[in-house]
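Here is what Swiss-Prot records for this protein:
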- 36-294: domain 'Protein kinase' (DOMAIN)
- L42, G43, D44, G45, A46, F47, G48, K49, V50, K65: ATP binding site (BINDING)
- D157: active site, proton acceptor (ACT_SITE)
- 319-478: region 'Disordered' (REGION)
- 365-382: compositional bias 'Polar residues' (COMPBIAS)
- 433-445: compositional bias 'Low complexity' (COMPBIAS)
- 452-463: compositional bias 'Polar residues' (COMPBIAS)
- S482: phosphoserine (MOD_RES)
- S486: phosphoserine (MOD_RES)
- S490: phosphoserine (MOD_RES)
Amino acid sequence: MAFANFRRILRLPNFEKKRLREYEHVRRDVDPNQVWEIIGELGDGAFGKVYKAKNRETGILAAAKVIETKNEEELEDYMVEIEILATCNHHFIVKLLGAFYWEGKLWIMIEFCPGGAVDAVMLELDRGLKEPEIKTICRQMLEALAYLHSMKIIHRDLKAGNVLLTLDGDIKLADFGVSAKNVKTLQRRDSFIGTPYWMAPEVVMCETMKDAPYDYKADIWSLGITLIEMAQIEPPHHELNPMRVLLKIAKSEPPTLSSLSKWSPEFHSFLKTALDKNPETRPSAAQLLEHPFVKKASGNKPLRDLVAEAKAEVLDEIEEQGEAEEEEDSDMLSPKTKGVSQSTHVEIGKDIEREQVGNGIKPHSATSPQKTDSQADNYSQRRNNEVKNCPENGRPDAVNGKPDIIILNPLSSNLEPKRNSTAESYRGEEHSSASSQRQRSAQSAELVPNGSFDSPTRYFTNWSKRDSDSGSNSASESMDISMNLSADLSMNKETGFLSHRENRLHKKTLKRTRRFVVDGVEVSITTSKIIGDDEKKDEEMRFLRRQELRELRLLQKEEHRHQAQLTSKHSFQLEQMSRRFEQEMNSKRKFYDTELETLERHQKQQIVWMEQEHAFRRRDEAKHIKTEQERDHIKFLEQLKLRKKELKAHVEKLPRQQRRETMKVQMDGFAHKKQTEEQQFVNRQKEDLNLAMRVIVLENRKEIYNKEREFLNKKQQLLRDRESVIWELEERHLQERHQLVKQQLKDQYFLQRHELLRKHEKEQEQMQRYNQRMMEQLRLRQQQEKVRLPKNQKAEAKTRMTMFKKSLHISPSGSAAEQRDKIKQFSLQEEKRQKAERLQQQQKHEHQLMEMLAECDCNVRDLLQMQNEKCHLLVEHETQKLKSLDEHHIQLIREWRENIRPRKKAFEDELELKKEAQEMFFRLNEEVAGDPFLSNKPTRFYSFSSPEAS
């Protein structure tokens, strides 16, 4: 079910499937075999094999990294590395010589560095680097990092295995497979990727917390760890499991050099400055270049000498210690030496002689180490401790011996050394051979570089000894001698005498002679060291740790790809939601804009129609009134005529003498009165007409005003509806976005849990293999002890019997029969002692087995506890993030609602202003319409929303 959910989370829409892309720096139309010739295999990395290739035209050498890809998505995973290599042009960074994609394989051609990787050189020389060498490498690495960081690139996998050396004494930073190319210089990343031992604390925290991303300062921490690795061969906490070291990095103090007096104060100061757990106060690469430790470093002569020493011709000789020689040496030891040896102490030294000659090399003889005894367990423990700590006096430890090396013939000076660079140089995963032509036994698991040392001082191997053949010079009774011998052997047994004697027979002495040229002078260095069975175990542990790192890197790569896919899906979902929100918003706006346009168009048509109707109405009404007034005017004139007739008739009734004069007076008065009355009548008709027209105009204007107000109300209601819908959309969008982001956060943590469970399964698998390996080693060792015990007991019984008989011969007492009884009694005691010894060995083996089982169970419990803590921390962090997200959403909704109130008020105020403006507009028109001087002017009405009205 969980896997189905995981597939559902990473599933992208069908139309988002990418077509075949054409990459700028990758050629798809050329077979790389036609351009490059494969001349050898360099190694096998985590994602593919690395070959040594030669350009068929120019003859340039390259390291060809060949990676099989199943699909285009996997091909895209390597594009960042190719792009970084193609864009970077720096003296201390490897260059990209070409990239091809042919028949499902990606070929990345990288600049070839004959000196190999720094960690391979340290294994070759069996020592850490000297401070001048570290100083030179550090300065060049800082210059390369300063350039990378200026190009907005975070390397994210700095370690000695990714620092290559050239024959000119320069370094080349390599392996950008997990690097990040940012858009901004201060851009942060939250990917949990890199190699655990070199990870910065802020990168480790990203395994369970993505809200504390890191920046380019993570490379500075990795640089400091790399310097410690160069000084001590191994990085800090190398004895821990790769997954368990993460907890150590996060919780412990920054690591330091194990030896204080061996290194300069400037070196310690530099490491203290670089290994600052707070990335904010951690300096940049440019600032560290001003540190006194690297500021004084000039030139690259130390690295040239280092490469020359690593590429030297090597002669290995093996000297095996025989049993007879051991017994002879054992007889020569004094009882005093025997007594001292009860506290087991192992020191492995080397004899070194260096002689510079003008034209040739003189053979050197190594001083044979003194043959010693020690317990096998203590020896193994001491060897492991020696790998962890370098001596304070700068002398190299004798580590990483090779138990499967056979005696080699001397190399002639005219033979060209056969060297293979390392796959670690390009993937940081494998160490391959960097030695001269050398014969090894067929059982050798892999070629490991041989070692050399820089100091001409002699080293001697002093092993504390304890021998069983002590003898007795006292003339005591036979039974006393028997009891002393039994007690002595019992004490020897308790201190691991028997197993140690057998272990002593398997020790070998390796004498190695290196010949190389320094500044035109040939130098010969001869080293000698004792190797044992633990050498092979150390090599196996190193190989298994590389396997674990490789498995971890594969998991990180897959996790990074899944994270990128999920991030791409989330980005697409957010973008799709934003587009949908915008479309919905635009759709609603468009709908209401269309409604408003329709309403305004209808309003305009309605107003125009009303104005036309009003014009027709005014014209008809004016025509009707004028017709009535003309009729009234005619009636008024007829009345005046009638009155004139009546006046004439009345004057005709007067006497003739008065008639003419009276007629004239009466007619003049009547004419004047008629003119006055007629003028008044016409004026009254005009007033009536104007009044009627004014009433009609006011009625029309009122109708238009009502219609305009009706349309304005409808328009404002539409605007209110639009704003309400927009606000609802905004709130719904906030809710939907919150739900999407919340679901994406859950998907993100689901993916993290899934990847964390995969890591935990891999950790448990590795722990199971480790426990199984420890149990197998214990059973094998116990089986060997069980097989050796009868042989040792037989030899010891023979020796003790001989000693007992000698003691009887030295101090004879009693008759021959009594002596035979004593011998018989001694034999019975020997049988009892051997039986008790076998029983004690069985009990010891059972106890060891129980302890080993308890230790394995404890390891599993500790691992499960740590895994449970990580899971709990991840779940707790998810809960906190979800809670924080909900609180943020609630706060956002609260702020949005608080902002809605002033928006609503401003919107209503704007609508009210439009109403007031409309009322003001019609009020002014009414005042204009009521002006008596303008009453005769034709009136034209406009819509309030029309441009003429405004």
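Any Cβ shown, glycine's included, is placed from N, Cα and C.
Just so it is clear, the model here is predicted, and its values are computed rather than measured.
Positions of the features from Swiss-Prot, shown on the structure.
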residue : record                       : Cβ within 10 Å
L42     : ATP binding site             : 26
D44     : ATP binding site             : 15
G48     : ATP binding site             : 21
V50     : ATP binding site             : 28
D157    : active site, proton acceptor : 25
> Distance between the residue listed as 'active site, proton acceptor' and V50 (ATP binding site) at the Cα atoms, whole Å?
Replying inline: 19
>> Going by DSSP, is G48 (ATP binding site) sitting in a helix, a strand, or coil?
In response: coil
> In which DSSP state, out of helix, strand and coil, do we find the residue listed as 'active site, proton acceptor'?
Replying inline: coil
